[in-house]
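S.K.: My questions will all concern the structure given below.
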Amino acid sequence: MADQWQEAYDFAVQVARAAGAVIRKAGEEEIKVQTKSSTVDLVTKTDERVEKIIIGSLKEQFGEGTHCFIGEESVSKEEPCILTDKPTWIIDPVDGTTNFVHGFPFVAVSIAFAVNKELEFGVVYSCMEDKMYKARKGQGAFCDDEPIQVSDVKDIHKSIIISEHGTDRSPEKVQKIFSTMKKILCIPVHGLRGSGTAATNMCLVACGAVEAFFEIGIHCWDIAAGAVIVREAGGLLLDVDGGPFDLMSRRMVSGNNRVIANRIIKEIEIFDSVRDDAPIAKK
Ligand SMILES: O=P([O-])([O-])O[C@@H]1[C@H](O)[C@H](O)[C@@H](O)[C@H](O)[C@H]1O
Ligand SMILES: [Mg+2]
């Protein structure tokens, strides 16, 4: 089995690189924008096309029926978003669609693979920067084949923290997001940042550029690959209430160590999000 997943890992890197090239090319042409859950939740033909290319290549390589797929655009067309024990690919074809639409230069292809509900490997290709992040369980994390590690900062006052605003603009949620950010900024920390792609944010934690990234409202496809990369770089993942990380819960803190993560968690004002694996009628 181990060799089989190695082949899948190597193939995922190839597929992510090819998908990134398609995105870069599409960014040079006119981009037609549509919306999904809200007027600021954007989607383009490129998101759909790239997801089809990725899933098509994986099916061709590993055979239809043996592997399952959770892809952002397929789920938005009401395909199931349930993680079973079967080998499952979790895909965000274009993480940072808003950035892509605006030409803001952080856009990632995120591909993760889970077996028995456990993440085996993750690949994040930051395609505008041409940086390939990858990690396989127990084998370390890499950027462009160089090993990466989280920062060793334990003093929150010397940290940079990332968070995002997400795509839900209900005033109560925005109020909580900004209140949390204000409290963290006033600890004080060195800075607050956000690249506009959760996958890239997690890679920034993994390579030690920032100490932590947290968000409520993200989806499993935004963070599955990044989760392996953060863990393999020596970092940790927690729920925003300090409990265990749950991939389907739509909330997460990824940090370089527990001291930093706990300090952030103390300030987070939690709000509800419907789980990714909730029955469709509840979404
Ligand atoms: O829609 P998308 O560009 O694939 O993914 C979004 C990005 O990761 C963004 O950073 C995060 O704040 C949102 O919560 C995600 O939905
Ligand atoms: Mg995404």
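From the backbone N, Cα and C atoms, a Cβ is placed for every residue, glycine too.
Summarising the annotation, TrEMBL assigns Mg(2+) binding site to GLU72, ASP92, ASP95, ASP222.
Can you tell me where each of these features sits in this structure?
M.R.: Taking a C-beta cut-off of under 8 Å and a sequence gap of six or more, ASP222 (Mg(2+) binding site) has these contacts in its own chain: ASP92, ASP95, SER110, THR197, ALA198, ALA199. In the three-state DSSP scheme, ASP222 (Mg(2+) binding site) falls into the helix class.
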S.K.: Which is it, of GLU72, ASP95: the one of these binding-site residues whose Cβ has the most other Cβ atoms within 10 Å?
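M.R.: Within the set of binding-site residues, the most crowded position is ASP95.
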